[in-house]
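These features come from Swiss-Prot:
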BINDING   Gly396, His397, Thr398, Gly399, Ser400, Gly401, Lys402, Thr403  ATP binding site
DOMAIN    45-329  domain 'ABC transmembrane type-1'
DOMAIN    363-597  domain 'ABC transporter'
TRANSMEM  49-69  transmembrane segment
TRANSMEM  82-102  transmembrane segment
TRANSMEM  162-182  transmembrane segment
TRANSMEM  184-204  transmembrane segment
TRANSMEM  273-293  transmembrane segment
TRANSMEM  297-317  transmembrane segment
Amino acid sequence: MKQAKKQGVLERFYYSSDEIIEKPFNWAQMWRLLSYVKPYRKTILPLSFLTVLIGTAVKLVIPILIGVYVLDQAITGRNSELLIQLIFIISGLYVLNYAANVLRIRWMNQLGQHVIYDLRQHLFTHVQRLSHRFFDQRSAGSILVRIMNDINSLQELFTSGVINLLTDLLLLAGVIIILFTLSPELTIAIMVTLPIMFFISTSLRKKIRRSWQTVRLKQSKLNSHLNESIQGIRVTQAFTQEEENMAYFDGVNQENYESWREATRKNAMFRPLVEMTNAIGTAVLIWYGATLIMNETITIGVFVSFAFYLGMFWEPISRLGQVYNQLLMGMASSERIFEFLDEQPNVKEKPNAIHNEKINGEISFEEVEFSYDEKRKALHAVSFSIPAGSTLALVGHTGSGKTTIANLISRFYDAAGGTIKIDGIPIKDLSLASLRSQISIVLQDTFIFSGTIMENIRFGRPNASDEEVMKASQAVGADEFISDLAEGYATEVEERGSVLSAGQRQLISFARALLADPAIIILDEATASIDTETEVKIQQALKTLLKGRTAVMIAHRLSTIRDADRIIVLDHGRKIEEGNHDQLLAKGGIYAGLVKAQYSTAIE
(Lines of atoms letter the chains of each structure in order from A and count residues from 1; the text may use other names and numbers.)
(Lines give C-alpha, C1' and ligand atoms only; values in the text may rest on other atoms or scores of the structure.)
Protein backbone atom coordinates (compact mmCIF):
# COMPACT_ATOMS: atom_id res chain seq x y z
CA MET A 1 0.00 0.00 0.00
CA LYS A 2 1.25 3.45 -0.90
CA GLN A 3 2.05 5.38 2.24
CA ALA A 4 1.27 9.05 2.60
CA LYS A 5 4.37 11.12 2.20
CA LYS A 6 4.79 13.15 5.36
CA GLN A 7 6.70 16.36 5.35
CA GLY A 8 6.46 19.75 6.97
CA VAL A 9 3.15 20.64 8.55
CA LEU A 10 1.54 17.58 6.96
CA GLU A 11 3.16 15.46 9.65
CA ARG A 12 0.40 16.59 11.97
CA PHE A 13 -2.06 14.21 10.29
CA TYR A 14 -1.40 11.33 12.65
CA TYR A 15 -3.66 9.04 14.58
CA SER A 16 -4.06 10.85 17.86
CA SER A 17 -5.09 8.91 20.91
CA ASP A 18 -8.73 9.95 20.61
CA GLU A 19 -8.87 8.38 17.13
CA ILE A 20 -7.71 4.94 18.28
CA ILE A 21 -10.54 3.19 20.07
CA GLU A 22 -10.24 -0.49 20.83
CA LYS A 23 -13.24 -1.57 22.87
CA PRO A 24 -14.79 -5.01 22.48
CA PHE A 25 -18.27 -5.34 21.05
CA ASN A 26 -20.67 -5.14 23.96
CA TRP A 27 -24.40 -4.99 24.31
CA ALA A 28 -24.21 -2.18 26.88
CA GLN A 29 -22.99 0.12 24.15
CA MET A 30 -25.67 -1.15 21.78
CA TRP A 31 -28.37 -0.45 24.38
CA ARG A 32 -26.98 3.04 24.78
CA LEU A 33 -27.27 3.53 21.04
CA LEU A 34 -30.80 2.13 21.04
CA SER A 35 -31.79 4.58 23.80
CA TYR A 36 -32.19 7.15 21.03
CA VAL A 37 -35.15 5.07 19.82
CA LYS A 38 -36.91 5.46 23.18
CA PRO A 39 -38.80 8.70 22.33
CA TYR A 40 -40.57 6.81 19.53
CA ARG A 41 -41.47 3.68 21.50
CA LYS A 42 -45.18 4.63 21.54
CA THR A 43 -45.47 5.75 17.92
CA ILE A 44 -43.36 4.52 15.01
CA LEU A 45 -41.60 1.68 16.85
CA PRO A 46 -44.67 -0.43 17.77
CA LEU A 47 -46.07 -0.01 14.25
CA SER A 48 -42.79 -1.28 12.83
CA PHE A 49 -42.79 -4.25 15.20
CA LEU A 50 -46.37 -5.05 14.21
CA THR A 51 -45.40 -5.21 10.54
CA VAL A 52 -42.47 -7.46 11.49
CA LEU A 53 -44.75 -9.87 13.34
CA ILE A 54 -47.27 -9.94 10.49
CA GLY A 55 -44.60 -10.47 7.84
CA THR A 56 -42.85 -13.20 9.84
CA ALA A 57 -46.09 -15.04 10.59
CA VAL A 58 -47.08 -14.98 6.90
CA LYS A 59 -43.69 -16.34 5.83
CA LEU A 60 -43.94 -19.18 8.33
CA VAL A 61 -47.46 -20.19 7.29
CA ILE A 62 -47.00 -20.30 3.49
CA PRO A 63 -44.61 -23.34 3.27
CA ILE A 64 -46.99 -25.44 5.40
CA LEU A 65 -49.89 -24.49 3.15
CA ILE A 66 -47.94 -25.36 0.00
CA GLY A 67 -46.40 -28.62 1.21
CA VAL A 68 -48.85 -30.20 3.60
CA TYR A 69 -52.15 -28.82 2.30
CA VAL A 70 -51.62 -28.17 -1.43
CA LEU A 71 -49.46 -31.24 -2.18
CA ASP A 72 -50.52 -33.80 0.41
CA GLN A 73 -54.22 -32.95 0.63
CA ALA A 74 -55.42 -30.99 -2.40
CA ILE A 75 -53.28 -32.49 -5.19
CA THR A 76 -52.76 -35.99 -3.79
CA GLY A 77 -56.42 -36.14 -2.74
CA ARG A 78 -57.52 -34.62 -6.10
CA ASN A 79 -59.58 -32.00 -4.23
CA SER A 80 -59.87 -29.14 -6.75
CA GLU A 81 -62.16 -27.08 -4.53
CA LEU A 82 -59.61 -27.12 -1.69
CA LEU A 83 -56.86 -26.32 -4.21
CA ILE A 84 -58.67 -23.20 -5.44
CA GLN A 85 -59.31 -22.07 -1.85
CA LEU A 86 -55.64 -22.57 -0.98
CA ILE A 87 -54.51 -20.63 -4.05
CA PHE A 88 -56.64 -17.64 -2.99
CA ILE A 89 -55.45 -17.91 0.62
CA ILE A 90 -51.78 -18.13 -0.37
CA SER A 91 -52.16 -15.24 -2.85
CA GLY A 92 -53.82 -13.14 -0.16
CA LEU A 93 -51.00 -13.93 2.26
CA TYR A 94 -48.41 -12.82 -0.31
CA VAL A 95 -50.29 -9.53 -0.76
CA LEU A 96 -50.45 -9.10 3.02
CA ASN A 97 -46.72 -9.80 3.28
CA TYR A 98 -46.02 -7.24 0.54
CA ALA A 99 -48.09 -4.58 2.34
CA ALA A 100 -46.40 -5.35 5.66
CA ASN A 101 -42.95 -5.03 4.06
CA VAL A 102 -43.82 -1.70 2.42
CA LEU A 103 -45.09 -0.26 5.70
CA ARG A 104 -42.13 -1.70 7.62
CA ILE A 105 -39.60 -0.09 5.27
CA ARG A 106 -41.49 3.21 5.34
CA TRP A 107 -41.79 3.39 9.10
CA MET A 108 -38.25 2.18 9.75
CA ASN A 109 -36.87 4.82 7.40
CA GLN A 110 -38.83 7.45 9.31
CA LEU A 111 -37.55 6.08 12.60
CA GLY A 112 -33.98 6.00 11.32
CA GLN A 113 -34.14 9.60 10.13
CA HIS A 114 -35.58 10.74 13.48
CA VAL A 115 -32.84 8.93 15.41
CA ILE A 116 -30.04 10.24 13.19
CA TYR A 117 -31.42 13.78 13.53
CA ASP A 118 -31.60 13.48 17.33
CA LEU A 119 -28.14 11.94 17.64
CA ARG A 120 -26.48 14.54 15.41
CA GLN A 121 -28.29 17.34 17.27
CA HIS A 122 -27.18 15.89 20.61
CA LEU A 123 -23.57 15.54 19.47
CA PHE A 124 -23.39 19.03 17.96
CA THR A 125 -24.98 20.60 21.05
CA HIS A 126 -22.53 18.74 23.28
CA VAL A 127 -19.51 19.78 21.20
CA GLN A 128 -20.68 23.42 21.37
CA ARG A 129 -20.37 23.26 25.16
CA LEU A 130 -16.92 21.69 25.32
CA SER A 131 -13.95 23.75 26.43
CA HIS A 132 -11.25 25.20 24.21
CA ARG A 133 -8.78 22.55 25.33
CA PHE A 134 -10.90 19.94 23.54
CA PHE A 135 -10.55 21.81 20.24
CA ASP A 136 -6.85 22.44 20.83
CA GLN A 137 -6.28 18.68 20.72
CA ARG A 138 -8.30 17.91 17.57
CA SER A 139 -8.43 19.09 14.00
CA ALA A 140 -11.65 20.52 12.59
CA GLY A 141 -11.71 17.70 10.03
CA SER A 142 -11.72 14.94 12.66
CA ILE A 143 -14.61 16.65 14.48
CA LEU A 144 -16.59 16.95 11.23
CA VAL A 145 -16.06 13.23 10.59
CA ARG A 146 -17.71 12.39 13.92
CA ILE A 147 -20.69 14.69 13.38
CA MET A 148 -21.28 13.81 9.71
CA ASN A 149 -19.66 10.55 8.51
CA ASP A 150 -19.84 8.51 11.70
CA ILE A 151 -23.47 9.42 12.33
CA ASN A 152 -24.36 8.80 8.68
CA SER A 153 -22.87 5.32 8.96
CA LEU A 154 -25.43 4.57 11.69
CA GLN A 155 -28.33 5.44 9.41
CA GLU A 156 -28.46 2.03 7.72
CA LEU A 157 -28.16 0.35 11.10
CA PHE A 158 -31.28 2.13 12.38
CA THR A 159 -33.30 2.02 9.15
CA SER A 160 -32.73 -1.65 8.38
CA GLY A 161 -30.06 -3.31 10.52
CA VAL A 162 -31.82 -3.49 13.88
CA ILE A 163 -35.24 -4.38 12.47
CA ASN A 164 -33.70 -6.98 10.14
CA LEU A 165 -31.94 -8.50 13.13
CA LEU A 166 -35.25 -8.79 14.98
CA THR A 167 -37.01 -10.15 11.88
CA ASP A 168 -34.34 -12.74 11.23
CA LEU A 169 -34.20 -13.90 14.84
CA LEU A 170 -37.99 -14.31 14.94
CA LEU A 171 -37.94 -16.11 11.61
CA LEU A 172 -35.13 -18.42 12.72
CA ALA A 173 -36.92 -19.28 15.96
CA GLY A 174 -40.15 -20.00 14.10
CA VAL A 175 -38.42 -22.08 11.42
CA ILE A 176 -36.54 -24.20 13.96
CA ILE A 177 -39.74 -24.91 15.92
CA ILE A 178 -41.61 -25.89 12.74
CA LEU A 179 -38.71 -28.04 11.46
CA PHE A 180 -38.63 -30.04 14.69
CA THR A 181 -42.42 -30.35 14.53
CA LEU A 182 -42.33 -31.68 10.96
CA SER A 183 -39.41 -34.09 11.40
CA PRO A 184 -37.07 -34.11 14.40
CA GLU A 185 -34.77 -36.67 12.74
CA LEU A 186 -34.30 -34.68 9.54
CA THR A 187 -33.85 -31.45 11.51
CA ILE A 188 -31.08 -32.93 13.66
CA ALA A 189 -29.35 -34.29 10.54
CA ILE A 190 -29.33 -30.85 8.93
CA MET A 191 -28.16 -29.12 12.12
CA VAL A 192 -24.76 -30.83 11.86
CA THR A 193 -23.76 -27.94 9.58
CA LEU A 194 -24.25 -25.37 12.35
CA PRO A 195 -20.79 -25.91 13.93
CA ILE A 196 -19.29 -25.04 10.54
CA MET A 197 -21.34 -21.84 10.51
CA PHE A 198 -20.28 -21.02 14.07
CA PHE A 199 -16.61 -21.50 13.22
CA ILE A 200 -16.91 -19.21 10.18
CA SER A 201 -18.61 -16.47 12.19
CA THR A 202 -16.18 -16.48 15.10
CA SER A 203 -13.08 -16.62 12.90
CA LEU A 204 -14.14 -13.68 10.73
CA ARG A 205 -15.84 -11.51 13.35
CA LYS A 206 -12.75 -9.95 14.95
CA LYS A 207 -11.00 -9.38 11.62
CA ILE A 208 -14.04 -7.66 10.11
CA ARG A 209 -14.47 -5.40 13.14
CA ARG A 210 -10.86 -4.26 13.04
CA SER A 211 -11.13 -3.63 9.31
CA TRP A 212 -14.07 -1.26 9.78
CA GLN A 213 -12.26 0.53 12.60
CA THR A 214 -9.36 1.09 10.23
CA VAL A 215 -11.77 2.45 7.60
CA ARG A 216 -13.08 5.02 10.09
CA LEU A 217 -9.55 6.08 11.04
CA LYS A 218 -8.46 6.47 7.43
CA GLN A 219 -11.61 8.47 6.64
CA SER A 220 -10.89 10.79 9.56
CA LYS A 221 -7.35 11.32 8.33
CA LEU A 222 -8.56 12.01 4.78
CA ASN A 223 -11.21 14.48 5.94
CA SER A 224 -8.75 16.29 8.19
CA HIS A 225 -6.35 16.75 5.30
CA LEU A 226 -9.10 17.88 2.94
CA ASN A 227 -10.44 20.40 5.45
CA GLU A 228 -7.06 21.98 6.12
CA SER A 229 -5.97 21.88 2.49
CA ILE A 230 -9.06 23.79 1.38
CA GLN A 231 -8.76 26.35 4.17
CA GLY A 232 -5.05 26.79 3.51
CA ILE A 233 -5.19 26.84 -0.30
CA ARG A 234 -3.89 30.41 -0.49
CA VAL A 235 -0.82 29.56 1.57
CA THR A 236 -0.26 26.39 -0.46
CA GLN A 237 -0.36 28.30 -3.73
CA ALA A 238 1.69 31.19 -2.36
CA PHE A 239 4.54 28.82 -1.50
CA THR A 240 4.03 26.70 -4.66
CA GLN A 241 3.42 23.57 -2.59
CA GLU A 242 0.61 22.22 -4.81
CA GLU A 243 2.64 19.23 -6.02
CA GLU A 244 3.71 18.25 -2.50
CA ASN A 245 0.17 18.65 -1.22
CA MET A 246 -1.23 16.55 -4.07
CA ALA A 247 1.40 13.87 -3.47
CA TYR A 248 0.48 13.71 0.19
CA PHE A 249 -3.23 13.62 -0.63
CA ASP A 250 -2.59 10.78 -3.08
CA GLY A 251 -1.03 8.77 -0.27
CA VAL A 252 -3.83 9.51 2.20
CA ASN A 253 -6.46 8.77 -0.45
CA GLN A 254 -4.70 5.50 -1.30
CA GLU A 255 -4.69 4.48 2.36
CA ASN A 256 -8.43 5.16 2.54
CA TYR A 257 -9.01 3.14 -0.63
CA GLU A 258 -6.93 0.22 0.64
CA SER A 259 -8.75 0.16 3.98
CA TRP A 260 -12.14 0.01 2.22
CA ARG A 261 -10.91 -2.70 -0.14
CA GLU A 262 -9.62 -4.81 2.74
CA ALA A 263 -12.86 -4.40 4.73
CA THR A 264 -15.09 -5.27 1.76
CA ARG A 265 -12.86 -8.23 0.88
CA LYS A 266 -13.35 -9.73 4.32
CA ASN A 267 -17.08 -8.99 4.17
CA ALA A 268 -17.31 -10.68 0.78
CA MET A 269 -15.90 -13.90 2.25
CA PHE A 270 -18.83 -14.39 4.61
CA ARG A 271 -21.76 -14.91 2.24
CA PRO A 272 -20.08 -17.50 -0.05
CA LEU A 273 -19.08 -19.50 3.02
CA VAL A 274 -22.69 -19.41 4.23
CA GLU A 275 -23.89 -20.53 0.80
CA MET A 276 -21.40 -23.39 0.85
CA THR A 277 -22.72 -24.46 4.24
CA ASN A 278 -26.25 -24.16 2.84
CA ALA A 279 -25.27 -26.45 -0.03
CA ILE A 280 -24.03 -29.05 2.44
CA GLY A 281 -27.31 -28.79 4.34
CA THR A 282 -29.30 -29.16 1.11
CA ALA A 283 -27.31 -32.26 0.19
CA VAL A 284 -28.08 -33.76 3.60
CA LEU A 285 -31.77 -32.88 3.13
CA ILE A 286 -31.98 -34.57 -0.29
CA TRP A 287 -30.14 -37.70 0.83
CA TYR A 288 -31.73 -38.23 4.22
CA GLY A 289 -35.11 -36.78 3.23
CA ALA A 290 -35.36 -39.15 0.27
CA THR A 291 -34.56 -42.03 2.60
CA LEU A 292 -37.35 -41.00 4.98
CA ILE A 293 -39.83 -40.68 2.08
CA MET A 294 -38.97 -44.13 0.80
CA ASN A 295 -39.39 -45.47 4.32
CA GLU A 296 -42.73 -43.62 4.44
CA THR A 297 -41.60 -41.77 7.57
CA ILE A 298 -42.52 -38.42 5.98
CA THR A 299 -44.65 -37.42 3.00
CA ILE A 300 -43.54 -35.60 -0.15
CA GLY A 301 -45.48 -32.55 1.05
CA VAL A 302 -43.55 -32.51 4.33
CA PHE A 303 -40.31 -32.87 2.34
CA VAL A 304 -41.24 -29.90 0.11
CA SER A 305 -42.22 -27.81 3.14
CA PHE A 306 -38.95 -28.82 4.74
CA ALA A 307 -37.05 -27.64 1.66
CA PHE A 308 -38.85 -24.27 1.84
CA TYR A 309 -38.04 -23.93 5.52
CA LEU A 310 -34.44 -24.93 4.97
CA GLY A 311 -34.09 -22.04 2.50
CA MET A 312 -35.77 -19.78 5.03
CA PHE A 313 -33.35 -21.11 7.67
CA TRP A 314 -30.17 -20.25 5.75
CA GLU A 315 -31.48 -16.97 4.32
CA PRO A 316 -31.66 -15.16 7.69
CA ILE A 317 -28.37 -16.73 8.77
CA SER A 318 -26.78 -15.28 5.65
CA ARG A 319 -28.42 -11.93 6.35
CA LEU A 320 -27.37 -12.11 9.98
CA GLY A 321 -23.81 -11.99 8.74
CA GLN A 322 -24.63 -8.84 6.79
CA VAL A 323 -26.50 -7.37 9.76
CA TYR A 324 -23.57 -8.26 11.97
CA ASN A 325 -21.29 -6.36 9.62
CA GLN A 326 -23.65 -3.40 9.92
CA LEU A 327 -23.43 -3.75 13.68
CA LEU A 328 -19.64 -3.79 13.50
CA MET A 329 -19.62 -0.67 11.34
CA GLY A 330 -22.14 0.93 13.65
CA MET A 331 -20.12 0.00 16.73
CA ALA A 332 -16.93 1.42 15.20
CA SER A 333 -18.78 4.69 14.57
CA SER A 334 -20.73 4.72 17.83
CA GLU A 335 -17.54 4.20 19.85
CA ARG A 336 -16.13 7.34 18.26
CA ILE A 337 -19.40 9.26 18.73
CA PHE A 338 -19.74 8.24 22.39
CA GLU A 339 -16.08 9.09 22.96
CA PHE A 340 -17.04 12.68 22.11
CA LEU A 341 -20.28 12.55 24.10
CA ASP A 342 -18.40 11.25 27.14
CA GLU A 343 -15.93 14.12 26.91
CA GLN A 344 -16.58 16.57 29.73
CA PRO A 345 -15.83 20.30 29.61
CA ASN A 346 -12.65 21.27 31.44
CA VAL A 347 -14.36 24.52 32.40
CA LYS A 348 -17.44 23.69 34.47
CA GLU A 349 -20.08 25.97 35.88
CA LYS A 350 -21.01 25.62 39.54
CA PRO A 351 -24.58 24.47 40.25
CA ASN A 352 -25.26 27.65 42.24
CA ALA A 353 -23.31 29.99 39.94
CA ILE A 354 -24.03 33.71 40.29
CA HIS A 355 -25.82 35.29 37.35
CA ASN A 356 -24.95 38.98 37.22
CA GLU A 357 -27.09 40.91 34.78
CA LYS A 358 -24.58 43.76 34.71
CA ILE A 359 -20.96 43.93 35.81
CA ASN A 360 -18.81 47.02 36.30
CA GLY A 361 -15.71 45.48 34.78
CA GLU A 362 -13.11 45.54 37.56
CA ILE A 363 -10.63 42.70 36.92
CA SER A 364 -7.98 41.31 39.26
CA PHE A 365 -5.41 38.53 38.88
CA GLU A 366 -3.99 37.16 42.13
CA GLU A 367 -0.93 34.90 41.78
CA VAL A 368 -2.45 33.28 38.68
CA GLU A 369 -0.65 30.31 37.15
CA PHE A 370 -1.51 28.39 34.01
CA SER A 371 -0.06 25.82 31.62
CA TYR A 372 -1.37 24.33 28.40
CA ASP A 373 0.61 21.15 29.03
CA GLU A 374 2.86 19.64 31.67
CA LYS A 375 6.07 20.66 29.94
CA ARG A 376 5.90 24.43 30.18
CA LYS A 377 4.03 27.00 32.22
CA ALA A 378 2.33 29.79 30.30
CA LEU A 379 1.89 32.04 33.36
CA HIS A 380 3.95 32.23 36.56
CA ALA A 381 2.17 33.76 39.58
CA VAL A 382 0.92 36.78 37.63
CA SER A 383 -0.85 39.47 39.65
CA PHE A 384 -2.42 42.75 38.56
CA SER A 385 -5.68 44.65 38.77
CA ILE A 386 -7.65 46.67 36.24
CA PRO A 387 -10.04 49.29 37.64
CA ALA A 388 -13.45 49.34 36.00
CA GLY A 389 -13.51 51.56 32.93
CA SER A 390 -9.74 51.66 32.46
CA THR A 391 -7.56 50.25 29.69
CA LEU A 392 -4.75 47.75 30.23
CA ALA A 393 -2.32 46.91 27.44
CA LEU A 394 -0.34 43.66 27.40
CA VAL A 395 2.99 43.70 25.60
CA GLY A 396 5.55 40.99 25.02
CA HIS A 397 7.15 38.65 22.57
CA THR A 398 5.23 35.74 21.05
CA GLY A 399 4.53 33.13 23.71
CA SER A 400 4.89 35.57 26.60
CA GLY A 401 1.35 34.87 27.89
CA LYS A 402 -0.67 37.79 26.51
CA THR A 403 -3.38 35.74 24.78
CA THR A 404 -3.43 33.33 27.73
CA ILE A 405 -4.51 36.17 30.02
CA ALA A 406 -7.29 37.11 27.59
CA ASN A 407 -8.45 33.49 27.46
CA LEU A 408 -8.49 33.24 31.24
CA ILE A 409 -10.55 36.43 31.63
CA SER A 410 -13.21 34.94 29.33
CA ARG A 411 -12.81 31.65 31.19
CA PHE A 412 -12.08 29.65 28.06
CA TYR A 413 -9.61 27.89 30.36
CA ASP A 414 -9.38 27.66 34.14
CA ALA A 415 -6.28 28.85 35.93
CA ALA A 416 -4.13 26.12 37.47
CA GLY A 417 -3.47 28.30 40.50
CA GLY A 418 -4.38 31.65 41.97
CA THR A 419 -7.63 33.55 41.62
CA ILE A 420 -9.20 35.70 38.92
CA LYS A 421 -11.94 38.06 40.04
CA ILE A 422 -14.39 40.36 38.30
CA ASP A 423 -15.97 43.01 40.53
CA GLY A 424 -14.43 41.18 43.47
CA ILE A 425 -16.18 37.90 42.64
CA PRO A 426 -14.08 34.87 41.58
CA ILE A 427 -15.01 34.15 37.97
CA LYS A 428 -15.50 30.48 38.86
CA ASP A 429 -18.49 31.61 40.95
CA LEU A 430 -20.09 33.41 37.98
CA SER A 431 -22.26 31.67 35.42
CA LEU A 432 -20.51 31.30 32.07
CA ALA A 433 -23.41 32.95 30.24
CA SER A 434 -23.43 36.08 32.41
CA LEU A 435 -19.64 36.34 32.27
CA ARG A 436 -19.16 35.91 28.53
CA SER A 437 -22.24 37.90 27.55
CA GLN A 438 -20.57 40.97 29.03
CA ILE A 439 -17.21 40.45 27.33
CA SER A 440 -16.57 41.20 23.66
CA ILE A 441 -13.46 39.83 21.98
CA VAL A 442 -11.86 41.07 18.77
CA LEU A 443 -9.20 38.74 17.42
CA GLN A 444 -6.50 39.33 14.85
CA ASP A 445 -7.86 36.45 12.75
CA THR A 446 -11.46 37.58 12.35
CA PHE A 447 -14.04 34.91 11.62
CA ILE A 448 -16.84 35.96 9.29
CA PHE A 449 -19.82 33.63 8.97
CA SER A 450 -21.69 32.88 5.76
CA GLY A 451 -24.58 35.33 5.52
CA THR A 452 -25.10 39.06 5.22
CA ILE A 453 -22.91 41.73 6.75
CA MET A 454 -25.90 42.77 8.88
CA GLU A 455 -26.23 39.23 10.26
CA ASN A 456 -22.50 39.05 11.02
CA ILE A 457 -22.49 42.30 12.99
CA ARG A 458 -25.67 41.26 14.81
CA PHE A 459 -24.21 37.85 15.72
CA GLY A 460 -23.47 38.67 19.36
CA ARG A 461 -26.78 40.46 19.87
CA PRO A 462 -29.46 38.91 17.63
CA ASN A 463 -32.25 41.20 18.83
CA ALA A 464 -30.44 44.43 17.87
CA SER A 465 -32.29 46.69 15.43
CA ASP A 466 -30.94 47.67 12.02
CA GLU A 467 -30.40 51.19 13.31
CA GLU A 468 -28.29 49.93 16.21
CA VAL A 469 -26.20 47.82 13.84
CA MET A 470 -25.58 50.83 11.60
CA LYS A 471 -24.75 53.04 14.57
CA ALA A 472 -22.12 50.58 15.81
CA SER A 473 -20.69 50.35 12.29
CA GLN A 474 -20.49 54.12 11.99
CA ALA A 475 -18.74 54.35 15.35
CA VAL A 476 -15.85 52.14 14.18
CA GLY A 477 -15.72 53.47 10.65
CA ALA A 478 -17.14 50.35 9.00
CA ASP A 479 -20.24 52.07 7.63
CA GLU A 480 -18.20 53.88 4.98
CA PHE A 481 -17.07 50.78 3.08
CA ILE A 482 -20.31 48.88 3.76
CA SER A 483 -22.38 51.67 2.21
CA ASP A 484 -20.19 51.56 -0.90
CA LEU A 485 -21.13 47.91 -1.50
CA ALA A 486 -23.92 47.29 -4.03
CA GLU A 487 -26.17 45.58 -1.47
CA GLY A 488 -24.89 47.51 1.55
CA TYR A 489 -25.60 45.73 4.82
CA ALA A 490 -27.52 43.06 2.89
CA THR A 491 -24.35 42.02 1.04
CA GLU A 492 -23.85 38.27 1.23
CA VAL A 493 -20.37 37.21 2.34
CA GLU A 494 -19.01 33.70 2.02
CA GLU A 495 -17.48 31.66 4.82
CA ARG A 496 -14.59 33.52 6.49
CA GLY A 497 -15.47 36.64 4.45
CA SER A 498 -13.11 35.85 1.60
CA VAL A 499 -14.59 38.63 -0.57
CA LEU A 500 -13.62 41.25 2.03
CA SER A 501 -10.19 42.65 2.75
CA ALA A 502 -8.48 41.89 6.05
CA GLY A 503 -9.12 45.44 7.22
CA GLN A 504 -12.81 45.28 6.29
CA ARG A 505 -13.25 42.01 8.15
CA GLN A 506 -11.58 43.53 11.17
CA LEU A 507 -13.88 46.56 11.12
CA ILE A 508 -16.90 44.25 10.99
CA SER A 509 -15.56 42.43 14.04
CA PHE A 510 -15.18 45.78 15.83
CA ALA A 511 -18.78 46.64 15.04
CA ARG A 512 -19.89 43.17 16.18
CA ALA A 513 -18.08 43.52 19.49
CA LEU A 514 -19.28 47.04 20.20
CA LEU A 515 -22.90 46.29 19.30
CA ALA A 516 -22.98 43.76 22.13
CA ASP A 517 -22.46 46.70 24.53
CA PRO A 518 -20.08 44.78 26.83
CA ALA A 519 -18.60 45.88 30.12
CA ILE A 520 -15.23 44.43 29.07
CA ILE A 521 -13.61 44.52 25.64
CA ILE A 522 -10.61 42.36 24.76
CA LEU A 523 -8.61 43.36 21.69
CA ASP A 524 -6.18 40.56 20.80
CA GLU A 525 -3.81 42.26 18.33
CA ALA A 526 -6.99 43.49 16.70
CA THR A 527 -5.32 46.21 14.65
CA ALA A 528 -2.48 44.05 13.33
CA SER A 529 -4.30 43.37 10.05
CA ILE A 530 -5.48 46.95 9.52
CA ASP A 531 -3.60 49.38 7.32
CA THR A 532 -2.29 52.62 8.79
CA GLU A 533 -5.04 54.76 7.26
CA THR A 534 -7.78 52.52 8.65
CA GLU A 535 -6.00 52.37 11.99
CA VAL A 536 -6.15 56.14 12.30
CA LYS A 537 -9.91 56.01 11.69
CA ILE A 538 -10.63 53.46 14.36
CA GLN A 539 -8.31 54.88 17.01
CA GLN A 540 -10.58 57.89 17.46
CA ALA A 541 -13.64 55.64 17.48
CA LEU A 542 -12.04 53.42 20.11
CA LYS A 543 -11.36 56.35 22.41
CA THR A 544 -15.04 57.18 22.46
CA LEU A 545 -16.38 53.65 22.50
CA LEU A 546 -14.00 52.32 25.18
CA LYS A 547 -14.94 55.15 27.51
CA GLY A 548 -16.65 53.69 30.55
CA ARG A 549 -15.63 50.15 29.61
CA THR A 550 -12.78 48.01 30.83
CA ALA A 551 -10.43 47.20 27.97
CA VAL A 552 -7.62 44.67 27.67
CA MET A 553 -5.48 45.34 24.62
CA ILE A 554 -2.91 42.86 23.35
CA ALA A 555 -0.69 44.97 21.19
CA HIS A 556 1.49 44.17 18.21
CA ARG A 557 1.77 47.78 17.11
CA LEU A 558 2.93 49.62 20.19
CA SER A 559 1.70 52.89 18.70
CA THR A 560 -1.86 51.73 19.36
CA ILE A 561 -1.42 51.57 23.15
CA ARG A 562 0.13 54.93 23.92
CA ASP A 563 -3.07 56.11 25.57
CA ALA A 564 -3.57 52.97 27.68
CA ASP A 565 -3.97 53.70 31.40
CA ARG A 566 -1.48 50.97 32.19
CA ILE A 567 0.87 48.69 30.27
CA ILE A 568 2.18 45.34 31.48
CA VAL A 569 5.21 43.79 29.82
CA LEU A 570 5.27 39.99 29.89
CA ASP A 571 8.17 37.66 29.23
CA HIS A 572 7.83 33.86 29.28
CA GLY A 573 4.71 34.07 31.41
CA ARG A 574 6.13 36.51 33.97
CA LYS A 575 5.26 40.14 34.59
CA ILE A 576 8.47 42.07 33.97
CA GLU A 577 7.41 45.71 33.80
CA GLU A 578 4.32 47.75 34.61
CA GLY A 579 3.38 51.40 34.12
CA ASN A 580 2.01 53.79 31.52
CA HIS A 581 3.72 54.58 28.21
CA ASP A 582 5.77 57.50 29.47
CA GLN A 583 6.82 55.75 32.69
CA LEU A 584 8.04 52.66 30.85
CA LEU A 585 9.93 54.74 28.28
CA ALA A 586 11.63 56.63 31.07
CA LYS A 587 12.55 53.36 32.74
CA GLY A 588 14.52 52.32 29.67
CA GLY A 589 13.70 48.63 30.04
CA ILE A 590 12.23 45.99 27.75
CA TYR A 591 9.27 48.13 26.70
CA ALA A 592 11.50 51.05 25.77
CA GLY A 593 13.61 48.67 23.71
CA LEU A 594 10.56 47.33 21.88
CA VAL A 595 9.34 50.85 21.09
CA LYS A 596 12.77 51.84 19.84
CA ALA A 597 13.01 48.71 17.67
CA GLN A 598 9.58 49.29 16.11
CA TYR A 599 10.30 52.96 15.55
CA SER A 600 13.63 52.15 13.88
CA THR A 601 11.94 49.58 11.64
CA ALA A 602 9.24 52.08 10.67
CA ILE A 603 11.90 54.68 9.73
CA GLU A 604 13.76 52.16 7.61
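Even glycines carry a Cβ here, placed using N, Cα and C.
Since we're looking at a predicted model, the values are computed, not measured.
This view paints the features noted in Swiss-Prot onto the structure.
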residue	record	Cβ neighbours (10 Å)
Gly396	ATP binding site	23
His397	ATP binding site	12
Thr398	ATP binding site	7
Gly399	ATP binding site	14
Ser400	ATP binding site	22
Gly401	ATP binding site	24
Lys402	ATP binding site	24
Thr403	ATP binding site	18
Residues sitting within 8 A of the centre of the Gly396, His397, Thr398, Gly399, Ser400, Gly401, Lys402, Thr403 CB atoms (ATP site), not counting those, run Thr404, Leu570
Helix, strand or coil by DSSP: which one applies to Gly399 (ATP binding site)?
coil
Restricting to the domain 'ABC transporter' (363-597), what is the model's mean pLDDT?
86
